[in-house]
Amino acid sequence: MADANEETKLIEGGCCSLSAVDDARSVANMLGIPYYVLNFKDIFEKSVINYFKDEYLKGRTPNPCIACNRFVKFESMLNKALSMGIDYIATGHYAIITYDEDRKRYLLKKSVTQQKDQTYALYTVTQEQLRHILMPIGNFSKDEVRAKAKELGLYVASKPDSQEICFVNDNDYGKFIEENTDKEIKPGYFVDTKGNILGKHKGIIHYTVGQRKGLGIALGKPMYVVRLDVENNNVVLGEEDEVYSKELTANDLNFISIDKPDQPIRVKAKIRYSAKEADAVIYPIEDNKVKVVFDTPQRAITPGQSVVFYDGDIVVGGGTIL
């Protein structure tokens, strides 16, 4: 996604590093298929890195992998492939794409291996895009994929999984933003939910809803980030029960298995990549938004993250939490 001069910003061994480019070249050579390198540095910087920084500066917690899938892989790269006369792009995502004859729709479904399922980060794909995308490993476990790669003599069979965000080398998001923005990061106050000042913080970019560790303040009992008050530059802290809520509002919606609903519908909803799905009802509201009401309170519903809706193993759609 970036050229050689950007290597210092990419984690070695990660999905976007130069080593990954070399791995792809080696595999293509072994399989005897044409190999092309496409440079999407500018769109990656604009749609992923700048978005990541801007969201944190607004007191929100973004998911750059979702932005990368949406704007780089399945928009810029797919469009380029189609312009080259290539009918499909194939990715290594753990997800399954099928076509439902009854619905006359492509469906995005969970991987057979739930622990590896990546559909949460793929909910922005459209019907037109799904027509041209292949995800061949969704029906296999990671061990089966590695075994097949080993059987084919591909040395990447033993390559470690990438874990961190590819452009943040030490996983310190706050440090990365401070070093890559011309905006002043101002310290402010920790306050409780009643507005009482509890201490000083080093800048809201260093905190996210639900956080307990790394606050740098001792209050005699566990305290958690309840919300970020950007307007007053305050980080609001509370006890754990104050981190739970039953409702959220989402915008920037995309629906895959159905048209955008005009009536309430019941779904399973997931509020972050690592979260468990929870029973909820989607209520369409004004301005192309939805209200999501959960049956039970959810921990740390975080603005900027995505909420993704499921019907069994089928991805219904999703949106961005406000």
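Here the Cβ of each residue, glycine as well, is placed from N, Cα and C on the backbone.
Remember, TrEMBL labels are computer predictions, not curated facts.
Quick look at what TrEMBL annotates:
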- Cys68: active site, nucleophile (ACT_SITE)
- Cys166: active site, cysteine persulfide intermediate (ACT_SITE)
- Gly92: ATP binding site (BINDING)
- 175-238: domain 'tRNA-specific 2-thiouridylase MnmA-like central' (DOMAIN)
- 245-321: domain 'tRNA-specific 2-thiouridylase MnmA-like C-terminal' (DOMAIN)
- His93: site 'Interaction with tRNA' (SITE)
- Gln305: site 'Interaction with tRNA' (SITE)
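Looking only at Cα atoms, His93 (site 'Interaction with tRNA') sits nearest to Cys68 among the recorded positions Cys68, Cys166, Gln305.
A Cα-Cα distance of 14 Å separates Gln305 (site 'Interaction with tRNA') from the residue listed as 'active site, nucleophile'. DSSP places the residues of the domain 'tRNA-specific 2-thiouridylase MnmA-like central' (175-238) in helix, strand and coil in these numbers: 8 helix, 21 strand, 35 coil. Annotated pair the residue listed as 'ATP binding site' and Cys68 (active site, nucleophile), C-alpha to C-alpha distance, rounded: 14 Å. Mean pLDDT for the domain 'tRNA-specific 2-thiouridylase MnmA-like central' (175-238) in this predicted model: 96. Cα spacing between Cys68 (active site, nucleophile) and Cys166 (active site, cysteine persulfide intermediate): 11 Å, rounded to the nearest whole number. For His93 (site 'Interaction with tRNA'), other Cβ atoms within 10 Å of its Cβ number 23. Reduced to three states, the DSSP call for Cys166 (active site, cysteine persulfide intermediate) is coil.
The Cβ neighbour count for Gly92 (ATP binding site), using a 10 Å radius and every protein chain shown, is 11.
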